[in-house]
Amino acid sequence: MDMLIYLAPICALIGLIFAGISYKNVQNEGAGNDLIKKITASIHGGAMVYLNRQYRAIAVFVVFLAIIIALILPNGALTAACFVFGAVLSATAGYAGMLTATIANGRTTNAATRGIGPAFRVSFASGTVMGMSVVGLGLFGLSLSFIILESVYTDLDLLTIVNIVAGFSLGASSIALFARVGGGIFTKAADVGADLVGKVEAGIPEDDPRNPAVIADNVGDNVGDIAGMGADLYESYVGSILATMLLAASTAATTFPNIPVENVILVPLIISAIGILASIVGTFFVRTNKTESSAIHMAFNMGLIAAIILTVIASYFVTSMLLGEYGLNVFFATVAGLVAGFLIGQITEHYTSYDRKPTLRVANSCQTGSATNIITGFAKGMESTLWPVVIISIAIYIAFQLSGLYGIAIAAVGMLATLGISLSVDAYGPVADNAGGIAEMSHQKEEVRQITDTLDAVGNTTAAIGKGFAIGSAALTALALFASYGIAVGLSAIDVMNPNVFIGLTIGAMLPYLFSSMTILAVGNAAGEVVVEVRRQFREIAGLMEGKADPDYGKCIAISTHSALKEMIPPGLLAVIAPLLVGLVLGPGALGGLLAGSVASGFMIAITMSNAGGAWDNAKKYIELGNFGGKGSDAHKAGVTGDTVGDPFKDTAGPAINILIKLMSIVAVVFAPLFM
């Protein structure tokens, strides 16, 4: 173990170096003409101002919670240090992704003047910075924390050391929740405000420079889908590895007799390290010069499949070497997670792509008005829970039968092992979306806009797939953390006949609904302020509609920023306070019930909201292609309404529930000593 464990931070550093190379490649691309540079600078400036203000606000929470951890927990000072370290690295990953995306958008537009190949290369290189930064910083921080604690504090046993390292995961979760909620509120407030007044009331196209909220809308794409998604999956990535290490330290003696505990702890770290290398190799398979969206999809799938195959092959040798006779069982549990993640992505694509039946049915319903569109879309969202639940259930069953609770955790590690490339694919989308907006605002030729539209259309699908993947990985990670909590407090089962446990179960099932309500209302409040401001500018700025005067873009950015930072606090506090209160007042069994209830209901709500929102979005896009009357028709107006309702579903509430269930689970794990 002494030498092999260093493979984790070494591979993590290789991932970070690759991210740095990708950043330089993006930076070396031409930035375009003066107008492209001006628009890019506005988006970049707005995004970085928001991110800096958000991180300053979160820093207050991090410092406060770190002090509490240091004062009340055993080994509190060390746990608090890991907590702060995890938070800082999560913020760093978000900063790197945002910085790159907001310089890559204009460069992608400029590259599109040379063809789809150069534009695709720039946008994907930007996504690679986010993907490799997340896995590199996550694995580096987690493995380094473990190595330092094991080397310096030799009097501590392995279980105690891993429990201290759990603070790192709590830090990641804390940043993730605020980044996801705050980013989701910002992006959808700007998006809804821009669409309602611009498209519906003023009748101007999307990304029209006359719209005062258009820059805020483009800033929001980066805030929500780069920093927010990155923090979400960083949390899942770190949480799955940490949960597996915890279960290894606590159950290895019974699950894997005669195998050194150190070997069992090493497995998730080494599989994740190999996944980074496989993801880097996979990026070299993502190449295309064809203009069809199907060719771009194929390029992405080639990269993902290559990374998965390499990870599967390497995982076989790792598990066989470290776990001996038990290696094959753990290997198949890992594969179960990998396959489940891939299949959930395919199911998500089926329900949200406009060339598949569910979304086509939603688009068709727009012909009879907004109400039937909302009804059909919501029904399809609920229907879409079936197969993800079946897939996750089968993966859990297989993993548990093969390797017990450790198998479930290693399945989550397997699902996230190739996160480096899957997040790179996901983070490409907002860059392509921004590039299309910049092409529109800078009055590029029609063929340039066609290229950016093609890239954007693929980006919409990859974003939907990414959300499905994030939900599935969140469910497995939360379950693994829940198992770790159960072992820590001595829960062998959740006894629903116990009144306290049943109370905890019902509270847990309710929390995702309350949380969703808070975040959706926050979007509504913030969007209302943006709508009022956009209407004011159209009314008061002479010559704005005629294109003779410029709008005040900064005002809408300022409103969205202020609203997001103000509204993200109550949901964030709920996720931390609820498990602590239930655990302290009703006991560890009730808290176990709360975690079980929140995972079960949260998984369903997140899938429903994400897929319903994705279907409404792409149903509108299908109509905009000229179907059912095209743009400006009654069907299109109904489609815009559905898309507007779906925006906070798929980009705010749904994704944030992932973090809610994971954060409550890691809070329970870290503060478990208080409940015993």
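Backbone N, Cα and C define each Cβ position, glycine as well.
Record features, source Swiss-Prot:
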{"type": "TRANSMEM", "residues": "3-23", "note": "transmembrane segment"}
{"type": "TRANSMEM", "residues": "58-78", "note": "transmembrane segment"}
{"type": "TRANSMEM", "residues": "129-149", "note": "transmembrane segment"}
{"type": "TRANSMEM", "residues": "158-178", "note": "transmembrane segment"}
{"type": "SITE", "residues": "Arg180", "note": "site 'Important for ion transport'"}
{"type": "BINDING", "residues": "Lys188, Lys650", "note": "substrate binding site"}
{"type": "SITE", "residues": "Asp225", "note": "site 'Important for ion transport'"}
{"type": "SITE", "residues": "Asp232", "note": "site 'Important for ion transport'"}
{"type": "TRANSMEM", "residues": "265-285", "note": "transmembrane segment"}
{"type": "TRANSMEM", "residues": "303-323", "note": "transmembrane segment"}
{"type": "TRANSMEM", "residues": "327-347", "note": "transmembrane segment"}
{"type": "TRANSMEM", "residues": "390-410", "note": "transmembrane segment"}
{"type": "TRANSMEM", "residues": "411-431", "note": "transmembrane segment"}
{"type": "SITE", "residues": "Ala463", "note": "site 'Important for potassium dependence'"}
{"type": "TRANSMEM", "residues": "501-521", "note": "transmembrane segment"}
{"type": "TRANSMEM", "residues": "572-592", "note": "transmembrane segment"}
{"type": "SITE", "residues": "Asp651", "note": "site 'Important for ion transport'"}
{"type": "TRANSMEM", "residues": "656-676", "note": "transmembrane segment"}
{"type": "SITE", "residues": "Lys662", "note": "site 'Important for ion transport'"}
So which of 58-78, 303-323, 411-431, 572-592, 656-676 has the most C-beta pairs under 8 Å when paired with the transmembrane segment (129-149)?
411-431
Could you check which of these recorded positions, Lys188, Ala463, Lys650, Asp651, sit within 10 Å of Asp225 (site 'Important for ion transport'), going Cα to Cα?
Ala463, Asp651
Can you tell which of Arg180, Lys188, Lys650, Lys662 has the least company, meaning the fewest other C-beta atoms within 10 angstroms of its C-beta, among these recorded positions?
Lys650
The answer for the transmembrane segment (58-78), taking Cβ pairs under 8 Å and residues 6+ beyond its ends, is 84, 87, 91, 149, 153, 156, 160, 163-164, 167, 171, 174-175, 178-179, 572, 576, 670-671, 673-674
Using Cβ distances below 8 Å and needing 3 or more such pairs, separated by at least 6 in sequence, tell me whether the transmembrane segment (411-431) contacts the transmembrane segment (501-521).
no
Taking Cα atoms as reference points, rank the recorded positions Arg180, Lys188, Asp232, Lys650, Asp651 by distance from Lys662 (site 'Important for ion transport') and give the first.
Asp232
Within 10 Å of Arg180 (site 'Important for ion transport') (Cα-Cα), which of the recorded positions Lys188, Asp232, Ala463, Asp651?
Asp232, Asp651
Asp651 (site 'Important for ion transport'): which of the recorded positions Lys188, Asp232, Ala463 is the nearest Cα neighbour?
Lys188
Pairs 6 or more apart in sequence, C-beta under 8 angstroms, 3 or more of them: is that satisfied by the transmembrane segment (656-676) and the transmembrane segment (327-347)?
no
For each of the recorded sites (Asp232, Ala463), count the other CB atoms lying within 10 A of its CB, then report the residue with the highest count.
Asp232
Please report the distance from the Cα of Asp232 (site 'Important for ion transport') to the Cα of Ala463 (site 'Important for potassium dependence'), rounded to the nearest angstrom.
13
Cα of Lys188 (substrate binding site) to Cα of Ala463 (site 'Important for potassium dependence'): how many Å, rounded?
15
Count of other CB atoms lying within 10 Å of the CB belonging to Asp651 (site 'Important for ion transport'):
31
Chain residues outside the transmembrane segment (327-347) and at least six past its termini with a C-beta under 8 angstroms from it
267, 271, 304, 308, 311-312, 315-316, 319-321, 384, 387-388, 391-392, 394-395, 398-399, 402-403, 406-408, 410-418, 422, 465-466, 468-469, 471-473, 476
Tally every other Cβ atom lying within 10 Å of the Cβ atom of Asp225 (site 'Important for ion transport').
28
On the three-state reduction of DSSP, what should I expect for Ala463 (site 'Important for potassium dependence')?
helix
